[in-house]
């Protein structure tokens, strides 16, 4: 019998895992068994993070944190079919559209993780569209306010021109 | 360098010891998470769609404009590699262990010098990574950002005006950026200050974890400090914050080393000398013991107590004596005891070669 994981070498090891009271036995070659065990030995810091996050989401979405999970209720992403319950269990969203479907309920989660709900960083060059210009505009406006408060009027004039230029660009689309 | 050469060569550019502050900052890493629009994230992706993602990335890196800008990058499907080769990429920190799970649908893109890599279908469709020696976070971000622009020229990213780059895990949304430094902090560990120092760091929006270790236990006194927040701060701000905290840590580590040298010089020299002696003469060496002795020896080299061993060799040995590399070097599967014997043998050989040269 060949190894269930690499499908290359013969299976010589039976590896039994018990996760959430579910027993699973895999027939593996020695190499794959060793790799899987190395992973189980703590090479997976993110799994802990996901479990942790899942706990947080359970609270946020009003699912009980202990005891058996009740059948899923509530929202579901129409694009990928992920349910709120699935999300709360795994801590992972299913697709980009999930952010829209679960939107308002995710906000407290963002606030708790990031202390914030609004992106202020990089915007994709080609597909970022107007956001790029708008962000740039906001940065320039903040710089303008700062220049004025420091009485750096020459710099302020430069910034004002740059802002006008960008606003024109925005209007023309 | 082809992927074959990469897995055959224990050395990577990040181990050079050439970057700024490289006596304490071993390496700087920046990674960003990106996803393609209109496709489920990898954990919900069907086999065919996963293949579509790999295809799209392959096309993107073969694009003429991309090549002119970024040079040649090679895509390798994970199932083209043997289990040992896959594990070696993890030991060299070029990919994460997550890329080994369900590897049939995953791939890695590597640039020749191993400085830039892209993991395909890990937790997100794309994870772009730059790994450099020493404290070079700004440079790493610059390179990742350029690679990002190069890929975005042909790939449509999942991006939201308000939330930024959309990721499978909400802990990465926004910039999708994780910047980290790998620090060697034996001084702070020896003067018993490490807990306090690292405790403070976590209050500044950063996280610390031990390298190769479980939980907070740090093998070889290596610690990885990284940002936690990815939403609401610009990439440059996240990186500037991490750099400033790293500089503080450098100051404290150097102060601890000086204090040790001033007040416990004999004990310090004894400790370094013993580590060197054991590494040079031991016949059986577990991986844990080796990591702790490497740390002592490296400290001795950095402080000028040991003069004839180049510092980067120690980092190379840390990678070379990990299990998968030992299997590669010896060309056969090893029992744990055999591994400890080969490890000791390899260390003796490398150290005496360095001494003679």
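Cβ from N, Cα, C; glycine included.
The annotation domain 'Phosphagen kinase C-terminal' is assigned in TrEMBL to B:24-256.
The ATP binding site annotation in TrEMBL covers B:27-31, B:93, B:127, B:178-182, B:209-214. Take the CB of residue B:209 (ATP binding site) and look out to 10 A: across all protein chains shown you find 19 other CB atoms.
All protein chains included, residue B:30 (ATP binding site) registers 28 other Cβ atoms within 10 Å of its own Cβ.
Of all the binding-site residues listed here (B:27, B:180), it is B:180 whose C-beta has the fewest other C-beta atoms within 10 angstroms. Residue B:127 (ATP binding site) counts 26 other C-beta atoms within 10 Å of its own C-beta, drawing on all protein chains shown. Chain A has no C-beta under 8 angstroms from the C-beta of any of the binding-site residues B:27, B:30, B:127, B:180. In the three-state DSSP assignment, the secondary structure recorded for residue B:209 (ATP binding site) is strand.
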